[in-house]
Amino acid sequence: MTSRIEVEVGAPAHGGHCVARYDGRAVFVRHALPGERVIVEVADDAPDARFWRGDTIEVLEASPDRVEHPWPEAAAGGIGGAELGHVSLPAQRRWKHAVLVEAFARFAGVPFAGQVNAAPGDDARGGLAYRTRVSATAGDDGRPTMTVPGTGERRSLVEMPLAVSGAETALLKARTEPGARIDVTATSTGEVVVTTTGREARRLWLHERVAYARGEVAYRVRASDFWQVHRAAPGVLVDAVMSRILPDGPVLDLYSGTGLLALPIARLGRPVVAVEAPDAGKAPPALAANLKARAEADAVGDDVRRYLTRSAPAREWDAATIVLDPPRSGAKARTIDAIAALGAPRIVYVACDPVALARDTALLRSHGYDLREADAFDLFPMTHHVETVASFDLR
Ligand SMILES: C[S@@+](CC[C@H](N)C(=O)[O-])C[C@H]1O[C@@H](n2cnc3c(N)ncnc32)[C@H](O)[C@@H]1O
């Protein structure tokens, strides 16, 4: 059953909503802001549920941080992908900061003392035109559609203002079989490709260039490969990681993707082992290609935990930095145990989920790793996502 309730909105919570209370129950409210009084439509108001979820359908008292959504199709009641579009850009960063502070206080056992930094160029572009990778699903007429969260309803896209302009144009023009996924990739070197099958994407080799504090580096990637979505993210993360690794010693780059972080580190002449999930039992082709010319770099195709428990113990890590950039769920206990067992003095953790990072921080601390510092980067404006880079030293 759906129902409408009036609530006063409280603090932001992890996941893109704020928490309100109604009749003693927590209600997770989308498209609202802290301090607002709103009418919420609750999707399923089961009386025995511990909490409810709802969307804002009317704002009775608006926050000074409320702005007009820059992508009306994705505003309240619309498609997903820009759930913070109603929040001013500085307030989006305060929102993400509050979520990090709360996550660290609850799960890490140490405070989050960093900032949420804007990506270069975002303020000038109003937090738009940043995505170099966008995806949609072809509707019945073959045009790109996106889903209204919680409903399964698909709507045809009329714009995609989060995408860089080449990617937006290519996405809106794309036509394919109903139900097929449409993936658009726009590289930093000006290539724009549309693929509709994984097979096609795996065959398409592209070129990326990343400028960072110490220079510029070129990569070859396939359209199917993981690559940081924000146009500025590769450079921001390379700098954030390079400034945190120890000045000497080998670097173990776990969850290394195509070698975004491993390649500039190898260019310093540092020994690097980059571990990424295997492709046909071997190092993935882009990782192997990017590290090929670096005698001091080793591209490994293996499951991270398997590598840590079976292969890594054969080498010396007692002067090493371990870099890890795991998927959203984090590294979790058994992988953190295996990382800690290597005894490296420094760990640099790149995280796209504040709660997963906070939980892994607690695990690292239990293994004797103190949090040195953590800082966050707003690499997903208009959404609740935030990237954090944290470093740890062995006590
Ligand atoms: C967040 S991405 C980071 C990639 C890279 N650091 C970058 O910034 O481009 C995480 C990567 O971990 C890989 N991955 C996920 N689980 C893995 C596992 N169990 N073992 C090895 N690699 C894994 C994914 O394929 C993906 O490339």
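The backbone N, Cα and C atoms fix where each Cβ goes, and this holds for glycine too.
All TrEMBL annotations are machine predictions without curation.
Among the features that TrEMBL reports, domain 'TRAM' is placed at 1-58.
For GLU276 (S-adenosyl-L-methionine binding site), the Cβ neighbour count at a 10 Å cut-off comes to 27, with all displayed protein chains included. GLU276 (S-adenosyl-L-methionine binding site) falls within a strand segment according to DSSP. TrEMBL lists GLN228, TYR255, GLU276, ASP325 with the feature S-adenosyl-L-methionine binding site.
For CYS352, the entry in TrEMBL reads active site, nucleophile. Taking a C-beta cut-off of under 8 Å and a sequence gap of six or more, CYS352 (active site, nucleophile) has these contacts in its own chain: PRO327, ARG328, HIS385, VAL386, GLU387, THR388.
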Site diameter for S-adenosyl-L-methionine, Å, by largest Cα distance between GLN228, TYR255, GLU276, ASP325: 15
Cβ packing number for TYR255 (S-adenosyl-L-methionine binding site), 10 Å threshold: 19
S-adenosyl-L-methionine site shell beyond GLN228, TYR255, GLU276, ASP325, criterion: Cβ within 8 Å of Cβ centroid: PHE226, ASP253, SER256, GLY257, LEU260, LEU261, PRO326, VAL350
The domain 'TRAM' (1-58), counted residue by residue under DSSP: helix, strand, coil: 0 helix, 37 strand, 21 coil
